[in-house]
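Here's what TrEMBL has on this protein:
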- 1-20: region 'Disordered' (REGION)
- 18-131: domain 'PGG' (DOMAIN)
- 26-43: transmembrane segment (TRANSMEM)
- 76-96: transmembrane segment (TRANSMEM)
- 108-125: transmembrane segment (TRANSMEM)
- 137-160: transmembrane segment (TRANSMEM)
- 187-311: domain 'PGG' (DOMAIN)
- 242-266: transmembrane segment (TRANSMEM)
- 286-308: transmembrane segment (TRANSMEM)
- 320-344: transmembrane segment (TRANSMEM)
- 350-362: compositional bias 'Low complexity' (COMPBIAS)
- 350-369: region 'Disordered' (REGION)
Amino acid sequence: VGGEGGQRQQRRPPRSKEQLDDKRQVLLLIAILAGALTYQAGLTPPGGFWQADDDKLGHRAGYPVLLDNYPRRYKAFFYCNAASFMSSVALILLLVNRKLYRLGIRCYALHVCMAVGMLALMGAYASGSSRHLKTSIYVLTLVVVVSASIPLQVAIFWYFRNHADNRQDSLRIRRRRARGQEGPDKEKDEELEYLMLLAVLAASVTYQSGLRPAGGMWQEDSAAYSAGNPILRDINKRRYDIFLYSNSTSFMASVVAIVMLLPLTLSDDVKWLQRCLPFHKVDLKWSLWPVHTAILLDMLGLLVAYAAGSTKKWESSRNVILLVLPVLAYIALYAMAAAIYIYIRRGSSQSQSPSRQAGQQATSVESSS
């Protein structure tokens, strides 16, 4: 017994160390990309810089255009972007240090810092992506909805993690480890990493394109336009609105996907999430359907934003849309095929279960006789 207990104690540390390393890689990936985005946005703020001095208007070359035309927006963007950058740098420094990142992950301090950085990133996007009230209200509405969903997701996570009975699940996991059957868990971790990578890349692309929209910015003031405003809005307002709304929706969907994936990286056993989501009795993969929905909305927003911002003529946009339609049709057919496959597989498993029970009863009767 003592030998078995000693072997268990020797096996536990590598397992926990491996799990902490996986969480560290996910957080480090998000922190590095967020730091790169906010660093570049801080050095080249939205609206650009004045190209020459203007004594009449009080403009000085090299100063941000947004600071002179929209000082409140610039201050909100600057402080939010700086807060997100500093949180990313702090995360990177803590995650690189092997003595600090384990304690930070176990007490969830790093995840709180990550959440603050994501909120600051959304604030910087809302203040720097638009100059007008209508579009700002839309972006701010998305920010408020996403910000309100974060505490709700955290509350759901803690409630079901504290009240769920994990004893049976832990016994099953130990049996699987003893038998060497860790394939499904490994596939699940890989799927989470792929989804996180996709969401982070989409967020980085949409953040940059939102601060520097297609068509660029006006460099000088005139009677028809103002410096720092998007050129596309003045020459084709409808196309600009489609681009901005689609890009903003895609960015917020990426943030939602990242926020939903972070709790899954916290817990060693993600089966507790099935208790608060529908279809949890069907398959473990159904627990990720909210993340898949956010990723799908993210990709659709990217496609629409690309179609609206990549060209300035409706004929060319029509050709781009015709290229998008086959992609959407393929996604719909793939989803239908996957649903049919799951339905057929579930029906076959249910039909086989009574026959197995009958066989077990027959064998038990024969053994008793």
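Heads up, residue numbers simply count up from 1 along the chain you see.
Positions of Cβ are set from backbone N, Cα and C atoms, glycine also.
The shown structure was predicted, so the numbers you read here are calculated from the model rather than taken from an experiment.
Here the transmembrane segment (26-43) lies next to the transmembrane segment (108-125) in space: the count of CB pairs under 8 Å, restricted to residues six or more apart, reaches at least 3. Counting same-chain residues at least six beyond the ends of the transmembrane segment (320-344), those with a Cβ under 8 angstroms from any Cβ of the stretch are 282-283, 296, 300, 303-304, 306-307, 310-311. In terms of DSSP secondary structure, the domain 'PGG' (18-131) contains 86 helix, 4 strand, 24 coil. Cβ atoms under 8 Å from those of the transmembrane segment (108-125) belong to residues 27, 30-31, 34, 37-38, 41, 76-77, 80-81, 83-84, 87-88, 90-91, 94-95, 101, 139, 143, 146-147, 150, 207, 210-211, 248, 251-252, 255, 258-259, 262, 266 of the same chain, restricted to positions at least 6 beyond its ends.
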